[in-house]
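Annotated features, as they stand in Swiss-Prot:
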type     : residues            : note
TRANSMEM : 15-37               : transmembrane segment
BINDING  : E40, A43, G45, P442 : Ca(2+) binding site
TRANSMEM : 58-80               : transmembrane segment
BINDING  : H63, H379           : Fe(II)-heme a binding site
TRANSMEM : 147-169             : transmembrane segment
TRANSMEM : 190-212             : transmembrane segment
TRANSMEM : 238-260             : transmembrane segment
BINDING  : H242, H291, H292    : Cu cation binding site
BINDING  : Y246                : O2 binding site
TRANSMEM : 267-289             : transmembrane segment
TRANSMEM : 304-326             : transmembrane segment
TRANSMEM : 339-361             : transmembrane segment
BINDING  : H369, D370          : Mg(2+) binding site
TRANSMEM : 376-398             : transmembrane segment
BINDING  : H377                : heme a3 binding site
TRANSMEM : 415-437             : transmembrane segment
TRANSMEM : 452-474             : transmembrane segment
Amino acid sequence: MYLQRWLFSTNAKDIAILYFIFSTFCGLAGTAMSFIIRMELSAPGQQYLQGQNQLFNVLVTGHTILMVFFLVMPMLIGGFGNYYLPLMIGASDMSFARLNNISFWTLPPTLICLLTSTMVESGTGTGWTVYPPLSSIQSHSGASVDLAIFSLHLTTISSLLGTINFIVTALNMRTNGMTLHKMPLFTWSILITAVMLLMSLPVLSAGVTMLLMDRNFNTSFFEVQGGGDPILYQHLFWFFGHPEVYIMIVPTFGMMSHIVSTYSKKPVFGEISMIYTMGSISLLGFLVWSHHMYVVGLDTDTRAYFTSATMIITIPTSIKVFSWLTTIYGGSLRLTTPMLYTLSFLFLFTVGGLTGVVLANTSLDVAFHDTYYVVTHFHYVLSLGAVFSMFAGYYYWSPTVLGLNYNEKLSQIQFWLIFLGTNIIFFPMHFLGINGMPRRIPDYPDTFTGWNLVSSFGSMMTIMSLMLFTYIIYDQLMNGLTNKVNNKSINYMKTPDFIESNNIFLMNTTKSSSIEFMLNSPPTIHSFNTPTIQS
């Protein structure tokens, strides 16, 4: 029965927990790869990889694909999305329960393909972009790139199946009276993300399928000798790749809105505008892909358009940031662990956005392209944006998932460790990038030694914070205080005080604006056997 529950589950909550476990494992593997990269770069010359430069690039590729496709997307969309989207709209489960199951179980074979690709021949040393001609049969002759492409195909299938499920559930299974404008912001963020996935993933599939054909069936889509063009691949990849960045960050916008609202004890400022800004960010995300390609020989008019369009994205993003700040302003602020992560997300996401504005300029990007300035830009947005919001989401919602509370003191120590560690890693990279240190190269001139050493020290701090985080989870599961009295949930995060005053147990409650905190914790398998009604 136990195996049957987890292998054949059609319950969204169980599948979400499987996603959490799987993505945590992949995240730790990706972190281990990044740690090896940072140790190799801690000093000039050969360090730990003993001059195996191909292995360095294999680690870079593995780290990126693991973090993007196996940590951020499965956790934010598959984990938090599966668990909380049905709860927030008053649905008993996802619309297609069996589809949900297969969309998860497509992922483990995908991971096996990816990890195998690193061990076949000399591994996939192409970076996550898999650009030809580096990824073509002349440069990577073995089966490694083919396995990586199969891995991308399978993860695309998994994401598309989940996407269909989320869209249908959000549009068709809302409770009575819940119009789209009354739908919670996190649900909106998952819906918008799902639409973006549906639009962008087929383009990636087309690109890597053509690459597979070039490698194995002698076609010439990207082979110059046969009349093909490798730049076409870059256009196809980045038409997926740029929306992908927003696919990773938009769910975090929804989570941040909930957490800011809860710990400020105020409704989110401008809730409708928050929905429209998410929509406009996702739409604009499809119109700016060539800003990744300023140095491939685009003409001046094209580059002028992409510079302007990229800068326009900062407008809806700024509206979101200032709306969060306005929500906090004048609120009854409680600096719990989730709120600390959220505040640091606001600050660090803004820093990452500002470096993005710099890179949007063609003239500057020509200088900064493929340097560590680009690396630190997207890590500030993703590593210190998306990942911090995952921690925030865990600390915010795990008491409702497990029915057990975590150790607040330890979790705040863990926050400060990872906050300092990640900033010590990535802030010095601005200076390295401005001075022209190139990406994906395992060696560098002596002049870059100082900041690289600082950066590698930050990596050690981050590893320590993750060790502490695993202990916090262990402590929560073993010793966490339950939120129940006489078998009734008295979860200290109860109903929203700006909607109603329902403080039955006279506790110092934290308020939330959505329905998931009004249920038992952990919630029952079908939380709403009787349909709820939205007032």
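Using N, Cα and C of the backbone, Cβ positions are placed for all residues, glycine too.
Structural mapping of features recorded in Swiss-Prot.
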| residue | record | Cβ within 10 Å |
| --- | --- | --- |
| A43 | Ca(2+) binding site | 15 |
| G45 | Ca(2+) binding site | 10 |
| H63 | Fe(II)-heme a binding site | 20 |
| H242 | Cu cation binding site | 22 |
| Y246 | O2 binding site | 23 |
| H291 | Cu cation binding site | 23 |
| H292 | Cu cation binding site | 21 |
| H369 | Mg(2+) binding site | 18 |
| D370 | Mg(2+) binding site | 15 |
| H379 | Fe(II)-heme a binding site | 21 |
Euclidean distance between Cα atoms of H242 (Cu cation binding site) and D370 (Mg(2+) binding site), Å: 16
E40 (Ca(2+) binding site) versus binding-site residues H242, Y246, H291, H369, H379 - nearest by Cα: H379
Dominant neighbour of the transmembrane segment (415-437) in 15-37, 267-289, 339-361, 376-398, 452-474, by Cβ pairs under 8 Å: 452-474
Result, the transmembrane segment (267-289) in contact with the transmembrane segment (452-474) (3+ CB pairs under 8 Å): no
In the chain carrying P442 (Ca(2+) binding site), residues 6 or more apart in sequence that have Cβ under 8 angstroms from it: E40, L41, L49, N53, F56
H379 (Fe(II)-heme a binding site) and H292 (Cu cation binding site), Cα-Cα, nearest whole angstrom: 15
Beyond the flanks of the transmembrane segment (376-398) by at least 6 residues, Cβ under 8 Å: 67, 71-72, 75-76, 80, 83-84, 245, 248-249, 251-252, 255-256, 258-259, 262, 336-338, 341-342, 344-345, 348-349, 351-353, 355-356, 358-359, 404, 406, 411, 415, 418, 422-423, 425-427, 429-430, 433, 469, 476, 516
Cβ neighbour count within 10 Å of H377 (heme a3 binding site): 24
Cβ neighbour count within 10 Å of E40 (Ca(2+) binding site): 22
Shell of the Ca(2+) site beyond E40, A43, G45, P442, same chain only (C-beta within 8 angstroms of their C-beta centre): L41, S42, P44, Q46, Q47, Y48, L49, D443, Y444
Nearest recorded site to H291 (Cu cation binding site) by CA-CA distance, among binding-site residues A43, H63, Y246, H369, H377: H369
Inter-residue Cα distance where the pair is H369 (Mg(2+) binding site) and H63 (Fe(II)-heme a binding site), in Å: 20
E40 (Ca(2+) binding site) in three-state DSSP notation: helix
Same-chain residues near the transmembrane segment (267-289), Cβ under 8 Å, at least 6 residues beyond its ends: 181, 185, 188-189, 192-193, 195-196, 199-200, 235, 238-239, 241-243, 245-246, 250, 253-254, 257, 260-261, 306, 309-310, 312-313, 316-317, 319-320, 323-324, 326-327, 498, 513
Environment of H242, H291, H292, the listed Cu cation site - residues of the same chain whose CB lies within 8 A of the CB centroid: W238, G241, V288, W289, S290, M293, F306, T310
Other parts of the chain folded back onto the transmembrane segment (190-212), taken as Cβ under 8 Å at six or more residues beyond its ends: 77, 81, 85, 130, 132, 135-136, 145-146, 149, 152-153, 156, 159-160, 162-164, 166-167, 170-171, 183, 219, 221-222, 233, 236-237, 239-241, 243-244, 246-247, 250-251, 254, 278-279, 282, 285-286
